[in-house]
Amino acid sequence: MADPVKKNMLKEEIITYAYLILYIALSSGQIFFNKWVLSSKEINFPYPLGLTLLHMVFSSVLCFLLTKVFKILKVEEGMTLEIYMTSVIPIGAMFAMTLWLGNTAYLYISVAFAQMLKAIMPVAVFILGVAAGLEVMSCRMLLIMSVISFGVLVASYGEINISWIGVVYQMGGVVGESLRLIFMEILVKRKGLKLNPISIMYYVSPCSALCLFIPWIFLEKPKMDAHGMWNLHPVVLTLNSLCTFALNLSVFLVISHTSALTIRVAGVVKDWVVVLVSAVLFADTKLTVINLFGYGIAIAGVAAYNNHKLKREAIRNISDDSQAALTIPTATSSNLNR
């Protein structure tokens, strides 16, 4: 009896690791793919807003086909107009802002340096979380945030060819992503609605596409018209959009087999892969010892932050289970008295 159980456990572990490797490969590959499309002379498509808009339209159409037409995947219920207006639209707007500014940064700074700047994300999320009443300031968290900030500063100091325009775009993307995460937490905690990644894509992608379409009309469409950029590379852009959707789908697969924390840990591994591999792939990436030392400090702080969040979630789950156990006898006795 033990052998089949062990075989099933081994099979599950192999599947889980396969999904994790798929996520890391797709996430890293998508970053490199976007950088190549935006900056290569072969494709000649320096329009990050247009590329991001294409991703969101493609994702919206594919989500609709998979969930409503072919019904391969299921959208979770519980969405109301009030929740959509107060939560989904802000999430979609911030998601659009994150992707737009993050992709624009690749026109000015290297992929490796962009990843190093992204390490400041927990600091932005924590500060905004404190402002929104979702986080509580403590000496431990202050120390962790200080370590991350110091690491990012050291990594930035070690950057040889720094572009402050690119830094501003990247930090704008970090702020957008932080706000998106805060809105997501409000959606779960205060609205009580939990959605899987496919459902989030189904609801958020059309909203993000609309938020991107409006500025694209004024900022990039005139440039594309003037340079005759409507003669695009449909195969390359379709593959690029398909990779984006596959990446989001891999997040769904990893979370369904593990947890959101595993995605965070895999994300840290992915960041290191991107930093090191980009130095080989792209000529504008020149890593220094100071770069890597500072990034190592920042990642250590990110690991401490993830560990702290894990412990808090475990304590919260135990507390919720205890409260549920206490309410059951009370409800039973009240029914008996009746």
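In case you wondered, yes, glycine gets a Cβ from its N, Cα and C as well.
TrEMBL annotations: computationally assigned, not manually curated.
For the transmembrane segment (14-33), the list of distant contacts is 111, 115, 239-240, 243-244, 246-247, 250-251, 253-254, 257-258, 262-263, 266-267, 269-270, 273-274, 277-278, 281: same-chain residues at least six beyond its ends, Cβ to Cβ under 8 Å. Residues or ranges marked as transmembrane segment by TrEMBL: 14-33 (among others).
For 19-306, the entry in TrEMBL reads domain 'Sugar phosphate transporter'.
Sequence-remote contacts of a segment are chain residues at least 6 beyond its ends whose Cβ falls under 8 Å from one of its Cβ atoms, and for the transmembrane segment (45-67) they are 34, 37-39, 73-75, 96, 99-100, 103-104, 106-107, 198, 201-202, 205-206, 208-209, 212-213, 215-216, 219-221, 223-224, 229, 232-233, 237-238, 240-242, 244-245, 248. If you look up TrEMBL, you'll see 45-67 (among others) marked as transmembrane segment.
Positions annotated as transmembrane segment by TrEMBL: 79-101 (among others).
What TrEMBL lists as transmembrane segment is 107-134 (among others). Same-chain residues lying 6 or more positions outside the transmembrane segment (107-134) and placing a CB less than 8 Å from one of its CB atoms are 31-32, 35, 38-39, 46, 48, 141, 144-145, 148-149, 151-152, 155-156, 159, 161-163, 165-167, 169-171, 174-175, 177-179, 181-182, 185-186, 189, 271, 274-276, 278-279, 282, 284-287, 291, 294-295, 298-299, 301-302, 305.
As annotated by TrEMBL, transmembrane segment applies to 141-158 (among others).
For 164-188 (among others), the entry in TrEMBL reads transmembrane segment.
The transmembrane segment feature in TrEMBL is assigned to 200-219 (among others). Residues of the same chain lying 6 or more positions beyond the ends of the transmembrane segment (200-219) and with a Cβ under 8 Å from any Cβ of it are 49-50, 52-53, 56-57, 59-60, 63-64, 67, 75, 79, 84, 88-89, 91-93, 95-97, 99-100, 248.
The annotation transmembrane segment is assigned in TrEMBL to 231-254 (among others).
Taken from TrEMBL, the feature transmembrane segment covers 261-283 (among others).
What TrEMBL lists as transmembrane segment is 289-306 (among others).
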Pairs of Cβ atoms less than 8 Å apart decide it: which stretch in 79-101, 231-254, 289-306 has the most with the transmembrane segment (164-188)?
79-101
Sort out for me which stretch, of 79-101, 141-158, 261-283, 289-306, has the most Cβ pairs below 8 angstroms to the transmembrane segment (231-254).
261-283
If you average the pLDDT over the domain 'Sugar phosphate transporter' (19-306), what number do you get?
89
Mind checking which residues of the chain, 6+ beyond the ends of the transmembrane segment (79-101), have their Cβ under 8 Å from one of its Cβ atoms?
48-49, 52, 55-56, 169-170, 172-173, 176-177, 179-180, 183-184, 186-187, 191, 193, 200, 203-212, 215
